[in-house]
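Notes to accompany the following structure.
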Amino acid sequence: MVTLRKRTLKVLTFLVLFIFLTSFFLNYSHTMVATTWFPKQMVLELSENLKRLIKHRPCTCTHCIGQRKLSAWFDERFNQTVQPLLTAQNALLEDDTYRWWLRLQREKKPNNLNDTIKELFRVVPGNVDPMLEKRSVGCRRCAVVGNSGNLRESSYGPEIDSHDFVLRMNKAPTAGFEADVGTKTTHHLVYPESFRELGDNVSMILVPFKTIDLEWVVSAITTGTISHTYTPVLVKIRVKQDKILIYHPAFIKYVFDNWLQGHGRYPSTGILSVIFSMHVCDEVDLYGFGADSKGNWHHYWENNPSAGAFRKTGVHDADFESNVTATLAAINKIRIFKGR
């Protein structure tokens, strides 16, 4: 008897919902065109009405990063028009951006940037990676995997691998740590001094902090003439040319100005990865950021938990960057998984 009542209640609920939705859509359609009961026309009208209902949402995720008017703090900082990747079409830097970028890692006599970029795009494609272009509808889930020791014994691996995109950075290994950090990598952010060998299908995103960084990537896949920047670097790398992407210097400045408010000398690869992902993804989850549960700052592949010299260089403001990501999580723009 109880089962019959539950079944009856479900049927009645479904009928009421169906009548309400049908009435709503028909009334809405009536204001646009004369209502017709031809099946094909009905489907078209319902489809158009659904599009109108969801058009104000930039994605189909529970929380869409690009959705505005939910946080004044976010709206003041997030600028969707700033392009994260350098291409042949957007390669010209404004003077103030160029002067600022030249100061990040000073060179004695940097070569002409325009000539360097022209040579760069003779060797690598000068187009945006089609994978990274935002879709009009959908939910692109991305994992940004940092290098914190809090990933050890976290068992996040399968969860990380379930994302559409998995972004890693610098010298981060996966071999030997698969259970905690996963095996999947779609994009890997590096600069010449932090490069590591990548998988065949991994897109390399070069983060250039100086002119020679752009020259190095050309050299490393052709002549192999550059072996030193401010420290020895790999002479040759094995990366497919169509898998090489360049982080836009103007986007680095955008992160520094808008998100870091001028804190630190320039942004870390970690925060650059986070803001980059917010511009190409609909939903972003962070793993391996911050200290472990004991307050130690170290890399997950290191056996010395008390390490953490990277926080003491004076180049990056780790505390301010951490506050930015914490605020983004508090307003439901990203999620942070803190591990152990």
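Glycine is no exception: its Cβ is also placed from the backbone N, Cα and C atoms.
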One of Gln89, Gln105 listed by Swiss-Prot as binding substrate at the site of Asn147, Asn170, Tyr230, Tyr266, Gly270, Gly290, His299, His316: Gln105
Determine, on the basis of Swiss-Prot, the cysteine among Cys64, Cys142 paired with Cys59 in a disulphide. Cys64
Disulfide-wise, see what Swiss-Prot says Cys142 is paired with, picking from Cys61, Cys281. Cys281
Which of the recorded positions Cys59, Tyr266, His316, Asn323 has its Cα nearest to the Cα of Cys139 (disulfide bond)? Cys59
Tally every other Cβ atom lying within 10 Å of the Cβ atom of Tyr266 (substrate binding site). 19
Going by DSSP, is Asn323 (N-linked glycosylation site) sitting in a helix, a strand, or coil? helix
Sequence gap of 6 or more, Cβ distance under 8 Å: name the residues on the same chain that satisfy this around Cys61 (disulfide bond), in order along the sequence. Cys139, Arg141, Asp282, Glu283
Provide, as an integer number of angstrom, the distance between the C-alpha atoms of Cys142 (disulfide bond) and Cys64 (disulfide bond). 12
For Cys59 (disulfide bond), which of the recorded positions Gln105, Asn170, Tyr266, Cys281 has the nearest Cα in space? Cys281
Looking at the binding-site residues listed here (Gln105, Asn170, Tyr266, Gly290, His316), whose Cα lies nearest to that of Asn323 (N-linked glycosylation site)? Gly290
